[in-house]
Amino acid sequence: MSEMDKVQEKPSQTTKTEVQAKLPKVGVLLVNLGTPDGTSYGPMRRYLAEFLSDRRVIEWPRLIWYPILYGIVLNTRPKRSGKLYDRIWNREKNESPLRTYTRAQGEKLATALADYPNVVVDWAMRYGQPSIESVTDRLLQQGCERIVMFPLYPQYSATTTATVNDKFFEALMKKRFQPAVRIVPSYETEPVYIEALARSIEKHLETLSFKPEVVLASYHGIPKSYSDKGDPYRQQCLETSRLLQARLGLDDSQFRSTFQSRFGPEEWLQPYTDETVEELAKHGVKSMAVLNPGFVADCLETVDEIGNEAAEEFLENGGESFSHIPCLNDSEDGMKVIETLVRRELQGWV
C-alpha cells in the first residue's frame, strides 16, 4: 500500500468513529396517574388539590368549581381518602402500590432494553412525585436528545392521556433545547395487550376454588358529557371488552363491562359497576370475578374499590364467592405489553 493510500484511508476510519460516538441518547418516560406521598391530611390534600384542579379532569368553570373544591372538597375528602389509602398502603416501602408497581415497570423495562446502550428509562407521575417536569429534566441532563413518552393508559381519554401530554409539553416549553419526541398511542386493541389480559384472567381463575358465573370488566368512568363532546374513551373500552370476550370465549351473560369511580352530581358513563354488582347478586348470581383492563397497575380504585367495596356489596346482597383479578402490574405478560409498544416507537432511533 502506498503512502497516498494510507492517507486516503485514515479519514474514513475517523469518520466512522465519530459517527458511532454521536449516537444520540434516547429517553423512555413511563407516566402514570399519580399518588399521594402519605395518607395523612397534608399529603392527601396536596395530591387532591393538584388532581382536582386539572381542567382536563373537572371541566366546570373555575368560578363555580374552585369555591366547591377549596371550600368543601379539600376540607372533607383528604381525611376520608387517607383512610382508604391506608388500607392498601405498602408499609415496607411507605408508598402506595401504584408507585411500587410503576417503579418496578421502569426498572424491568430498563433491563429488557439493555440491548440498546443509548436508551435511558425513567418513570413519573402526572400528579405527585416524581413529577413529569423533574424526570424530563433528568433525562435531558443525561444527554437525551430524543424522548419516547408513554402515558400508561390503554384507552385514550382527555382526562388521562391528554393531561399527561399537556404536562409533558408544558415542561418542554420551558426549555431552550427541546428533544425530538414520540408519544406512545393508546393500545386498546393491540393483540399483545388483549392476550396479556386473557392470560392473566385464565391464570387467576385457575387459582380459585370456584368458577365465576360472571366475569366483569370494570373501567374507570368519566362524565357522560365528556363522551358526548367527543372523548373516544367509552368506545375504546367497549372495543377492548369485545376483543377480550371473544378471546375468552364467553357469551354476553358471562361477560359484562361497567364503569366505576364516579364523582360528583353529574351523570357518568354507564352501567355503573357498583349498581351492576348489587343487581347481579340480587338476581341470583352467586359467584363473580372482576378485572380492571384500563389500569396497568393496581391502585386504590382496583385494590380497595373493587377488592374490598365491590366484594362487600356483592356478598351483602346474596353473592357467595367474589374475586378481584389483579392488574397486569410488572408481571411477565404485563411487561411484554410495555416492551412491545416501546420497541415499536424506538424504531429508527436505536
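Each residue, glycine too, has its Cβ placed from N, Cα and C.
Record features, source Swiss-Prot:
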BINDING   H220, E301  Fe cation binding site
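Counting only same-chain residues six or more apart in sequence, the Cβ atoms lying under 8 angstroms from the Cβ of E301 (Fe cation binding site) belong to H220, Q260, S261, N292, F295.
The local packing around H220 (Fe cation binding site), expressed as other Cβ atoms within 10 Å of its Cβ over all shown chains, amounts to 26.
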